[in-house]
Amino acid sequence: MKGKWSLGVSILFISLIVGILFRMSPATILKNIFLASIHPTTLQLLALIILVIFLGNLMKERGNLENIVSSLEAIIRNRRLGSIIPPAFMGLLPMPAGALFSAPMVEEFGRKMGVSSENKTLLNYWFRHIWEYIWPLYPSLILAAALLNVKVRDIILAQYPLTLAAIAAGFIFCMQKGSYPPSSRRLKPQKKTKFTKEIRALVFNTWPILAIILLVLIFKVKLLLAILTIVLIVLASSKMKGHKIFLSFKKSLSLSMILLIISVMVFKRMFEVSGAFLVISTIFSDWGVSPLIILFFAPFLAGLLTGITSAFVGIAFPILLPLIIRSQPNLTYAMLAYAGGFAGVLLSPFHLCLIVTREYFKADLRKLYKLLFLPVTFVVLVALLIV
């Protein structure tokens, strides 16, 4: 839409307003914008996210994503599993509107079970997002770790109960008994040799993702080094021509994403150097409002209004740092903030995955929201119980 500001520009503008309100000189504002832009944390963050996008583009160009879908279609014979494993598996691969990759499989299995359009939409949408609390390839998780100045692994350890809660909510609320008629029996089993072949193909096409997770979680290699190593191995073993590799890398250099990351780090620095953190801490204290309410609703509103996970992290987390970080980061508080923000994202009418999934299945939005509200609430309640 013409005349509409990007999220990065909007956050940068707010950063300027913060500087002006706290009477920083133009020279000081520009100096801090520059320092935030070239800070090692910012540069590492940019490198990480560009490499993640680049790896996704390489896998798409090599046909890995199509092969993953084909293998899943061949492997899964149980109709119930067929409606949840494809979106859950594709959720491991961060990409815009990624729910569309698994939608055809969910449609096929759902049709055979007589599942409504709304329930098919819910299954595809919900299980696509169960990993977003912990999966280290998601930019929002990387961004949150950078803002809190902790390792991504620390965020994962703090937030894994949310993913467990999301999986449980999916089985409890999304796979409703009434949606699965008695005739939905296991499909005819396939030959063991073909099954083994498809499993091997699946592992072969997903090895870059599996290797990164192994390096980060088991061998505790830094995420940037792990992704860079795997990208180099993929390039070395690839038969892709140079111009295709160049085009894949060029696609990874998303100006809007680069601007968003830089603007978020500028926003954080402006709050630090202007004294806004101290003012916000005083305001929170004077209000006498429970910090849990603020920790939940600030990111929830940001997520609801943008429908973008990186947006609620980038907008709300810098403001909430006085509550989250005292002598050291309170990752339980950070977990609640993340749960609130992602609840807003899941319920947002602007969430791209929700838009394209609903359109694909031609679901009624009102009926869909009635189904979606319960699992979202369940995860939020689990987060509150942990806090």
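Using the three backbone atoms N, Cα and C, a Cβ is placed for every residue, glycine included.
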Transmembrane segment range according to TrEMBL, out of 84-103, 204-223: 84-103
Interface present between the transmembrane segment (304-325) and the transmembrane segment (6-22) (three or more C-beta pairs under 8 A): yes
